[in-house]
Amino acid sequence: MASPAFAVSAAGLARPSAPRSGGPERRGRGVELQSPSLLFGRNKGTRSPRAVGVGGSGWRVVMRAGGPSGEVMIPDGGSGGTPPSIDGPVQFDSDDLKVPFIDDETSLQDGGEDTIWSSETNQVTEEIDAEGTSRMDKESSTGEKLRILPPPGNGQQIYEIDPTLRDFKYHLEYRYSLYRRIRSDIDEHKGGMDVFSRGYEKFGFVRSAEGITYREWAPGADSAALVGDFNNWDPNADHMSKNDLGIWEIFLPNNADGSPPIPHGSRVRMGTPSGTKDSIPAWIKYSVQTPGDIPYNGIYYDPPEEEKYVFKHPQPKRPKSLRIYETHVGMSSPEPKINTYANFRDEVLPRIKRLGYNAVQIMAIQEHSYYGSFGYHVTNFFAPSSRFGSPEDLKSLIDRAHELGLVVLMDVVHSHASNNTLDGLNGFDGTDTHYFHGGSRGHHWMWDSRVFNYGNKEVIRFLLSNARWWLEEYKFDGFRFDGATSMMYTHHGLQVTFTGSYHEYFGFATDVDAVVYLMLVNDLIHGFYPEAVTIGEDVSGMPTFALPVQVGGVGFDYRLHMAVADKWIELLKGNDEAWEMGNIVHTLTNRRWLEKCVTYAESHDQALVGDKTIAFWLMDKDMYDFMALNGPSTPNIDRGIALHKMIRLITMGLGGEGYLNFMGNEFGHPEWIDFPRGPQVLPTGKFIPGNNNSYDKCRRRFDLGDAEFLRYHGMQQFDQAMQHLEEKYGFMTSDHQYVSRKHEEDKVIVFEKGDLVFVFNFHWSNSYFDYRVGCLKPGKYKVVLDSDAGLFGGFGRIHHTAEHFTSDCQHDNRPHSFSVYTPSRTCVVYAPMN
């Protein structure tokens, strides 16, 4: 995640702020794992925006809060009385409230922001029936068979997986007890996780046969009214009522002719406690920017049945090896424009399938009013971005992907929220808190955004429901959770260096509430959607991050292996003659045992303005003049194309159980990504010129990779062959991995992955004849992938028809070996012929 952030001026309008590219998840170095027992290798080797017709049928909601700020009830248990967001009493043992490196008295018993899941702050209760289900929760589940999550485990297996964790058992036991306590409270007092995580069925605008009910949680407001054209925007005509939990509600009956009181496509906005601003409802399902308006408008979205998209194709099973094509719908056109869901469906998805990827990860789905934020400053969490088309268009896109056998992952943002007040959650109920922490803790100083209070029950409901909404309504197959490092630490991973010491993970700076939320959302996803995939973006190297919740982990299926991309940039800044083979292998294989990784040589972060793609690091300005096959090449071009292929294959071969590529980088997309923008002044006072709001560099030139007369085409062909090789042999998830050679003088790396033998010669000039490589299995080997093939822009120095017979001669601690010719700057993969 790397994007310009934006702040809110006194008028509440968005203004650009500091670029997000310095955030921890994209610029921080990977952590060196200290314990050898944690290393991976168990072997000893190493659509365009649609203007919705609104006419005079717009509606808005006005909420008013009176009285001094000290009397406003805020969700973190601040001044003015008991927070109204706890549904029922929860009993604790006193020992459960102990966290290592945290002062129990000041941090856990003061009713402060650390957690509101506390018996001391839980005085306001919801009406609970004899079955332990609240009235509101029971309402949403009537007539449906509830799904039940498996009970929590004991969380003890992590100490067997990683004995070092025993020294931090106090912290981890507290973490797991808090998780179990919240699970128990949800089960006993909220109707269970199935009901609790479907908040979208009772909050926001809920249609029934009799009319529309509108509900919002806004504890800081002391009055509220629904206004619109139907009552000439009179805030005194239709007052909403508030219960003890701070939930406001009003019911609008159908019109006399049976039509709904709010027509589909009508604008809806929520007013302010003081009457100075309008806000989009927190649970809005669609929002658009009307031409001429700056803030977005919420749209009441309830199309007729004949206009609703009906899914036709089943969701594919989770692939054993994930090969992810990272995308952004808006910039996915070769033309300088904002692309649409429909064009992406028809043009980009078939390309992804043809290239051999089995998963597509889509960024910037959640609505964000500032395009240049890359989708990371979310304003409307339940609304798909209207820049690209309608919700039905997005559903059609996902259904088409499923038809092609592609898993669809959403880049979800739960790590923070937009600072916007006019069209975001910020200041929604007139307080500085509400969904967020108060004070400085609730403001992300680098990203200029708001930080969620993950210890608040209604925040947990909101975010869990958000995850489920995208899985249920849109049939996404999983998520990449952005910014997990920022969530898990109060310092957000900024201005700190993670050395791998476990004290850095389980100390005072750890936001246990946030970690427990991640456990809960993974529990929800995997419990109700067993085929769904979750990937977490964490640069810190948090132990247990990608272990199941049942055994005591945070619960992600994969973690992003972020150190790899940083290592390649570090190396590319120097001369490849100085590259150390052992250093490369160590970075690629330095992973926690049993925690799967998605690796990548580069992602969208490296493609942004201010950074460089690998291709641009390697070839720089020569890419502008020497990429035509009918023209001359240069040493930079030859070197760059060769190393580009080698870097990508060795990253896939050794770096993890999944692989990711940002669209266009497979063929060495030239230049960088630069969103259309005007001039801006950062909070530091630094002036940054704009680009005249140009879309010229906010697109993907797929035509370059398809042009057979350009060298880009060979690079694309190699990436395609690489994906299909993995599809055939499944080497990324093979249990067998052995690095038999890391020769610093020869600059050669040899390793086995599954049945395949990979030979990399990074030497800039030396080619080696009769070079012996070790292998596990005897027999006859053949070339199955050669980066030097003419098809891939190479020099064709390898004979692919040659057969390589093994001998019983042990070599590099392998029982068998065979001889090969390994040209300079090439990688070749050999497979047994049987």
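Note that the numbers count up from 1, one per residue, in the order the chain is shown.
Positions of Cβ are set from backbone N, Cα and C atoms, glycine also.
Since this is a predicted model, take the numbers as computed values, not measurements.
Some features that TrEMBL has for this protein:
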REGION    1-54  region 'Disordered'
REGION    126-155  region 'Disordered'
COMPBIAS  132-147  compositional bias 'Basic and acidic residues'
DOMAIN    339-699  domain 'Glycosyl hydrolase family 13 catalytic'
ACT_SITE  Asp482  active site, nucleophile
ACT_SITE  Glu537  active site, proton donor
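Between the alpha carbons (Cα) of Asp482 (active site, nucleophile) and the residue listed as 'active site, proton donor' lies a span of roughly 6 Å. Glu537 (active site, proton donor) has a Cβ environment of 24 other Cβ atoms inside 10 Å. In this view, the residue listed as 'active site, nucleophile' is surrounded by 24 other Cβ atoms within 10 Å of its Cβ, with every protein chain counted. Per-residue pLDDT, averaged along the domain 'Glycosyl hydrolase family 13 catalytic' (339-699), amounts to 95 for this model.
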